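Before any comments, here is the structure.
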Amino acid sequence: MVDDPEQTVGESAESDENEPETDGGVRAYTVRLELVDEPGELLRALDPISNNGGNLLSIHHERGNKTPRGHIPVEVDLESPPDRLDDIVGALRDAGVNVIQAGADHYGEEISVVLVGQLVRNDLSNTLSRIETEVGAAVRDLSLTAPDGTEAISSARVRLAVDSGRSEEALETIRTIGSDKDLTVVEPLLGGETA
Amino acid sequence: MKLAILGAGAVGQSVADLAGEYGHEVVAISDSSGAAVDPDGIDVERTLERKAGGDPVGTDGVDDVFESDYDVLVEATPTTLGDAEPGFTHVERALEDDRHVVLANKGPVAERYDELRALEADSRGSVRFEATVGGAIPVLSTIEDATPQAVTAVRGVLNGTANFILTRMAAEGLDYEHVLAEAQDLGVAEADPTFDVDGTDAALKFVILANVLADGGFSLSDATVEGIQDIPGSALDLAAEDGRTIRLIGEATRESVRVSPRLVPENGALAVTGTRNIVQIETRHAGSLASSGRGAGGPETATAVLSDVGRLPEL
């Protein structure tokens, strides 16, 4: 993280006046979004970008072209300091905008799994890093509960970002890691209308 | 139709009890220690009273049942795994005599489906087994109406005991052992709940569904099965923080059968509570169809048996 006197971590763009300062170069990024086909959606999606110090370069918006889910894909080219991109993506998500890809990272789908077992004794951080490297997923969030202490059976909920269309494959790999480490993996039910 | 009922447990007794309402006659019923056969129709009430008093249903033997003048054999003996005996032999004998068979026993259709269909092909009788999947819920007849080829997958909750335990664990924050003991006190779980909680019972039903979708080829050994014994209360708490819960979900497709605890949306259709069951049928042309209801119980399952009897052609 580059030093930034104007903004502390976690406090993303509360007002327009508080223009974040940049110290040391900007880079160009392409952010791919999927918007709901409703009036005002595009504008709503662009606000979080400028509010967080992003400089819009171009917007590619093809209204006629829809995704299988009926959303409109939008490609936004922007300039921002490298350490601001996460804030921009975070603010877009907070605004309810579906971010498919930002910079080099794909964020196609999010899946949650619950792991049960001797999580702490079996090296939880190793389990998570195996999930990241072997599955090719980014761990977005982790909740751990160990009601009977860390030496006993505990449970963890892990939220992962995986590439579009790779959820089944990701879950299969997590199953393998789970059986290696003697963990019960509770997977989400994918597919179908209630998944 | 004239019914011969093998097995006088909760389901067999209820079939006998309700047959008259559906316009059928019971000419024979057997339990493990004897049989009652009467070509003019047995006196169901008196026979069941005898049974309730601890006596055999009658003084005849199982062979007398097969020699009686019945149209439909109702196979309601306990489900057995592997060779599915003696249920399979009962079905075989009835089909060889060109009679219809309606099964409430899951064994023969889960473990020996292809052999069963081959026997049916050589018989004037037909085989139906709505009662083996989801008790009172019309599952197989829905698939039959939609045609099996147009169904891509069937998912759902088909074990009330496991679902009851998971529901109570989530609601009360209790652990598996506590809730299991409570379920046993309430009579929701049997003294030996193994097949309910380790997923075997649900797997048998999804194996039957896969056999219907793929026109055979599956038995219990082809299913991937995980139970709920290792799910602690804390896992349900974590799921709830995220708006989800855990259910023992089965999935049957033409390719595979899987039963395992899964994360599902807390307010979604599949998160039925208590002993309720649900099936969701994914179709090619009509989207997803769901129906839920009581997946077990004597009278409930008997209605499925008697609906099957009503769908049989005259011999």
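Here the Cβ of each residue, glycine as well, is placed from N, Cα and C on the backbone.
Just so you know, TrEMBL annotations are computer predictions that nobody has curated.
Per TrEMBL, the features are as follows:
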BINDING   B:GLY7, B:ALA8, B:GLY9, B:ALA10, B:VAL11, B:GLY12  NADP(+) binding site
BINDING   B:LYS106  NADPH binding site
DOMAIN    B:138-309  domain 'Homoserine dehydrogenase catalytic'
BINDING   B:GLU190  L-homoserine binding site
ACT_SITE  B:LYS205  active site, proton donor
REGION    B:289-315  region 'Disordered'
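Of all the binding-site residues listed here (B:ALA8, B:ALA10, B:VAL11), the one with the fewest other CB atoms within 10 A of its own CB is B:ALA10. If you take the C-beta of B:GLY12 (NADP(+) binding site) and look for same-chain residues 6 or more apart in sequence within under 8 angstroms, you find B:ILE5, B:LEU6, B:ILE29, B:ASP31, B:VAL74, B:ALA76, B:ALA104. Closest in space to B:VAL11 (NADP(+) binding site), of the recorded positions given as B:LYS106, B:GLU190, B:LYS205, is B:LYS106, taking the CA atom of each residue. Annotation: no binding-site residues among B:GLY7, B:ALA8, B:GLY9, B:ALA10, B:GLU190 have CA atoms within 10 angstroms of the CA of the residue listed as 'active site, proton donor'. In terms of DSSP secondary structure, the region 'Disordered' (B:289-315) contains 14 helix, 6 strand, 7 coil. Across the domain 'Homoserine dehydrogenase catalytic' (B:138-309), the prediction's mean pLDDT works out to 95.
Listed in chain order, the extra residues whose Cβ falls within 8 Å of the Cβ center of the NADP(+) site residues B:GLY7, B:ALA8, B:GLY9, B:ALA10, B:VAL11, B:GLY12 are B:ILE5, B:GLN13, B:SER14, B:VAL15, B:ASP31, B:ALA76, B:THR77, B:ALA104, B:GLY298. Counting every protein chain shown, the number of other Cβ atoms lying within 10 Å of the Cβ of B:GLU190 (L-homoserine binding site) is 12. Annotation for B:GLY9 (NADP(+) binding site): same-chain Cβ neighbours under 8 Å, separated by at least 6 residues, are B:ASP31, B:ALA76, B:THR77, B:PRO78, B:GLY298. Take the CB of B:GLY7 (NADP(+) binding site) and look out to 10 A: across all protein chains shown you find 22 other CB atoms.
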